[in-house]
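Pulled from TrEMBL:
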- A:37-59: transmembrane segment (TRANSMEM)
- A:65-83: transmembrane segment (TRANSMEM)
- A:90-108: transmembrane segment (TRANSMEM)
- A:128-147: transmembrane segment (TRANSMEM)
- A:154-171: transmembrane segment (TRANSMEM)
- A:199-216: transmembrane segment (TRANSMEM)
- A:247-268: transmembrane segment (TRANSMEM)
- A:288-311: transmembrane segment (TRANSMEM)
- A:323-348: transmembrane segment (TRANSMEM)
């Protein structure tokens, strides 16, 4: 009892003693820390350099990587930390995208989104779009999660897929917002004070979004809630016999996960100036899963490493051959067989949760 | 406090419990005994709703526990130390102790005084502990939920003698403090001096209930001998 005299009242301290919960995992300058800083540093520096060399294409490519990484950070919270293998995260990505698209459509047309029971105009403000996207995705995930989380295993995978497909076909067949042709965003939504239509500025916005999503995940997983989520993943019966129901813990994590992926979807629509049902398709859910697995399931930087690898392969190998996914398959096979903890596990070594 | 009457439990089509009766009064230490495979662990699983009983009654402080989900049963005031040193291997000792803690008599300080090794290893991951330390952690984790009835399933099974002594010392302390405890164990020499009552199971039924003093060699040979 030397250096923890403050921890005298265990139970009431439980909520506040979070800093003591997690063992110290080395400095920022060990192998893992260096790999992570290098990854984040490159993601920031390359587009800045490309911008000043006049290669806008690469700035936008970096924005794409960043946004997809952010979507995967959301999914990683569900799959990696929560053990909830969602095969329907495209639903939130697409919903976020459609919020951006529909909002811009009405703002551009000067028509209201709805007139009854109250009049709701469109908006070209990114802040409004983000807020609405996050809230709607959270609500959708609350409904989908509340039902899906009553099942486990392969049934959970299938039911999340089924919900996402319902939304996909709904968007596909709703002519007001383009149906299967999608909906263009003619002018990128705006922020006060900064010029969001500038490629570098928009990249920096996405970069901040990614870093925030990772910071939220990290903070969450170091808290008592995060430890309980880990317990629910490792052994929900053992958690239940200690008096805590795993269900609401999982549901909250699922909702946060969906909100992060939804925000990424809104950023993605504004990056491309276009939103279509493709963002909602199960292919995209699968791609996100591949990215999480490539990078390292349950690793904070895994989704970023996975997204870099995936989008790079898609862009550069896809330019050489349309059969680039063959190589993606080989890489995925290699990771699953030889680097069980993904690219991050391979580069940075194993982590305490493995 | 805990009153179990005539419970019958099935694993799929095969019946494991054929009528178990068990009672623990407040402040008592009750031992649940019997040879291997006679239904001790199944009884515990039925109490906690993990393998729900299909007949009979399970009451805790006149609250019906049958058909409640496990977390509600634990919340009602039961704490389980499951068989086989079960903690959360990928979390730190502190996390194991604090995350499921509920306010009450048992605090982190008291648990760490009871098992000083847990204090020494507080930042280590549970899976790096020795078997004995993991068992202490499992007990500590249950204590931190401040159960009114503590259920220990084979808490000293398969441990080194030194560690067993440490755990029996803790159990004797529970007895002194008047902690109601249901104890599943086989070591008669340790149980008999501290138990208030013994319940013996055979083939899924309660066959003998009485004070340890009445547990003479004929009863032992019949139900507990190997």
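Please read every residue number as a count from 1 along the shown chain.
Backbone N, Cα and C atoms are what each Cβ position is placed from, and that goes for glycine too.
Among residues of the same chain six or more beyond the transmembrane segment (A:323-348), those with a C-beta under 8 A of the stretch's C-beta atoms are 31-32, 35-36, 290, 293-297, 299, 301-302, 305-306, 309-310, 313-314, 317, 354.
Outside the transmembrane segment (A:199-216) by six or more residues, the chain places 40, 43-44, 47-48, 51, 56, 59-60, 62-63, 66-67, 69-70, 73-74, 126, 188, 191, 256, 260, 263-264, 267, 270-271, 300-301, 304 with a CB less than 8 A from a CB of the stretch. Within its own chain, the transmembrane segment (A:247-268) is flanked in space by residues 64, 67-68, 70-71, 73-75, 77-78, 81-82, 84, 86, 89, 92-97, 99-100, 129-130, 133-138, 140-142, 144-146, 149, 205-206, 209, 213, 216-217, 220, 225, 228-229, 232, 279, 288, which lie at least six positions past its ends and keep a Cβ under 8 Å from the stretch.
With Cβ pairs under 8 Å as the measure, the transmembrane segment (A:288-311) is packed most heavily against A:65-83, out of A:37-59, A:65-83, A:90-108, A:128-147, A:154-171.
Counting residues 6+ beyond its ends, the transmembrane segment (A:65-83) has Cβ neighbours under 8 Å at 43, 89, 92-93, 203, 206-207, 209-210, 213-214, 217, 220-221, 226, 229-230, 232-233, 250, 253-254, 256-265, 267-268, 271, 288-289, 291-292, 295, 297-299, 302-304, 306-308, 310-312 in the same chain.
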